[in-house]
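Features of the protein shown, as given by Swiss-Prot:
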DISULFID  C39-C42  disulfide bond
DISULFID  C102-C129  disulfide bond
TOPO_DOM  1-12  topological domain 'Cytoplasmic'
TOPO_DOM  30-47  topological domain 'Periplasmic'
TOPO_DOM  65-69  topological domain 'Cytoplasmic'
TOPO_DOM  88-143  topological domain 'Periplasmic'
TOPO_DOM  163-174  topological domain 'Cytoplasmic'
TRANSMEM  13-29  transmembrane segment
TRANSMEM  48-64  transmembrane segment
TRANSMEM  70-87  transmembrane segment
TRANSMEM  144-162  transmembrane segment
Amino acid sequence: MLNWIDTAPRRILALISAACVAMLAFGMYLQHVVGLEPCPMCIVQRYALIGVAVFAGLASARGQKGWWMTWSVLALVAAGFGAFVAARQSWLQWYPPEIATCGRDFYGMIENYPISRAIPMIFRGSGDCTAVDWTFLGGSIANWSFVWFLLFAVLLLVLLVRGGRGAPDTLARA
């Protein structure tokens, strides 16, 4: 059943990287063409997508087993972090706080507060983070981000557990 993972792990990693780039491009389209402004949690999810894209791309490019596993683990961590942030934002959208304030923007928090205070403020969310401005098949952007981050994490985990064994495209060769 999982033979397709064994036969082309490099292609799967490249596909994960390409999917992340496509998601980032779609986010830019929504921001610059449609006019949706990203909230602080959306921006953090974009950084997680960049991390998954870069690390999965590096894992795909590096054929030596130790390196591809290192990059894949880092991509898995970024995907897990992105899934956490997307899940938190989805929670805020489903159960908005009683008093939703707009709060500071992402860069304002980072520039004006020490990182130890800015990070909790970002994850607390803001009034902007609870807004659902766009949906597809009943899911918000945060919901779909969670699904994609989870898919990336599962694929990366399966690749790591199976160790890239298999066919000519395998990552285990030197």
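Using the three backbone atoms N, Cα and C, a Cβ is placed for every residue, glycine included.
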Cβ atoms other than its own within 10 Å of the Cβ of C42 (disulfide bond), all chains, total 22
Non-local residues, at least 6 beyond the ends, that sit with Cβ under 8 Å of the transmembrane segment (70-87)
13, 16, 41, 44-45, 48-49, 51-52, 55-56, 58-59, 62, 123, 142-143, 145-146, 149-150, 152-153, 156-157, 159-160
Mapped DSSP class for C39 (disulfide bond), helix or strand or coil
coil
C-beta crowding around C39 (disulfide bond), within 10 angstroms
26
PLDDT averaged over the residues of the topological domain 'Periplasmic' (88-143)
66
